[in-house]
Amino acid sequence: MTAAVRSRSRAEIRSVTDAEIPDWIRALNTGFLRAPTVSEAEVADRRSLSIPDRTLGAFDAGRCVATFRSFPQELTAVGGAAVPADAITNVSVTATHRRRGLLSEMMAADLAAAKDRGDVVATLIAAEYPIYGRYGFGPATHTTEWVIDVPRAGLDRRYAGPDDGGRVDLVDGEDVRKLGPELHERLRRLQPGVVDRTERWWQVSTGVVRRAGTPWTEPFYAVHRGPDGTVEGLAAYSCDDTWSDAKQPLNTVTVRNLIAVTPAAERALWLYLCSIDWVTKVRSGYRAPDDLLPHLLPDPRAATPLTHADWLWVRILDVVRALEARTYEGSGALVLEVVDPAGLAGGRRRLEATPEGASCTPTAESADLTLEVAQLAALWLGDESAVRLAALGRVQEERAGAARVADALLRTSRRPWCPDTF
Ligand SMILES: CC(=O)SCCNC(=O)CCNC(=O)[C@H](O)C(C)(C)COP(=O)(O)OP(=O)(O)OC[C@H]1O[C@@H](n2cnc3c(N)ncnc32)[C@H](O)[C@@H]1OP(=O)(O)O
């Protein structure tokens, strides 16, 4: 963003200059209710991280009072193709300037630029549910975190590792930086909802790059290899050091990240984590709601959900490319009237889908379904049901039964999952 915009709050919205980065960080820390101080390390970190053109601030009376940042991302669609995404983060408006339209103006500027660049979607992880629907974002993936009560899970306490020729080994951070990216690339081709990880992501997650203000404890890393030696899964986890007064070990494993490209690797890593001596609880980290984990336990009730919430929000910017990028399990046709008050992605198109490929073209035929662009985002990765949205009054059936047709085309047998936050 080059031209400055004077918002109705009289603050000036524009890209942040290098000299303004400390003020911008202070505003971000203020908006996120963290201490409003700025260290040199934080400034250096931001400098290496932020794209100047895509780092917006609002300035009033010589002070930064709002922050907004976006960066390029790739999001895996149903079927494994990656679409270019505008990832939005670091959104804050200082409480002295709230509800004067600053977020709305920064969002409008960023989404218009993303559309011009040719991004297919915009993405974000929402701090609060009610913020982003008005801008055309819909909750496209959900997440669940469980805590496993290990002694109640009914697992065989004699478990000694996989018996199918695979193995689990502990490795260190350097190995993870070598093995992890290739494994994750394979996951990206399998799992709708996954976003790409940069080299920096692996550096931060293994502690060679430390985020300013974020304490670091070295985790354990477990790698699963299949019978032929191929790396198929990776788990990073930490343990606390808790014992009861009666000298009983009560340790909790907290999973920071667990990815796997085969069910055997997924099973082996969870069974490994649930069989470590002294460990009585395993916190799963944020999984897909239909994760295998609870049902790997003889007693699934030993897995108690701690969190169940929306996770990745998607804003479709290009309906044609979004619908053509994904695959479809069945065949059929559907005319969708997409309503987009922001004028970015609205219009009537006919989707013709088969397992071999899909086309989506503008049409003058009458619509089967009318829906806002945010509802299409909730359906696009296969997570939501059009029948359910119709029952909620969020999708209008213009032809009886059209919501069922939409579900048969768009829903997927497994739910999408975004393992990362950004
Ligand atoms: C991707 C991320 O970074 S998520 C992090 C988001 N940031 C935070 O949650 C930090 C704390 N909150 C804030 O900084 C601010 O409240 C923000 C950024 C959420 C909103 O900024 P504002 O400038 O106040 O929003 P703005 O004035 O443009 O509001 C536009 C509309 O959204 C509504 N809105 C804004 N925030 C919220 C909210 N948290 N809950 C409900 N409605 C909201 C406003 O009421 C307004 O509605 P209206 O058009 O019907 O009057």
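Glycine is treated like the rest: Cβ placed from N, Cα and C.
Within 10 Å of the Cβ of Tyr132 (active site, proton donor) there are 24 other Cβ atoms, across all protein chains. According to DSSP, Tyr132 (active site, proton donor) sits in a coil region rather than a helix or strand. The feature active site, proton donor is assigned by TrEMBL to Tyr132.
Positions annotated as active site, proton acceptor by TrEMBL: Phe422. Phe422 (active site, proton acceptor) carries neither a helix nor a strand DSSP state and counts as coil.
Around the Cβ of Val93 (acetyl-CoA binding site), 23 further Cβ atoms fall within 10 Å across all displayed protein chains. The feature acetyl-CoA binding site is assigned by TrEMBL to Val91, Ser92, Val93, Arg99, Arg100, Gly101, Leu102, Leu103, Ser104.
Here TrEMBL flags 11-161 as domain 'N-acetyltransferase'.
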Number of Cβ atoms other than its own within 10 Å, given for Leu102 (acetyl-CoA binding site): 26
Nonlocal neighbours by CB distance (under 8 Å) for Ser104 (acetyl-CoA binding site), same chain, sequence gap 6 or more: Arg134, Tyr135
C-alpha spacing of Tyr132 (active site, proton donor) relative to Val91 (acetyl-CoA binding site), in angstrom: 11
Where the record names Val91, Ser92, Val93, Arg99, Arg100, Gly101, Leu102, Leu103, Ser104 as binding acetyl-CoA, the maximum Cα to Cα distance in Å: 15
Listed recorded positions adjacent to ligand 1, that is, members of Val91, Tyr132, Phe422 whose C-beta is under 6 A away: Val91
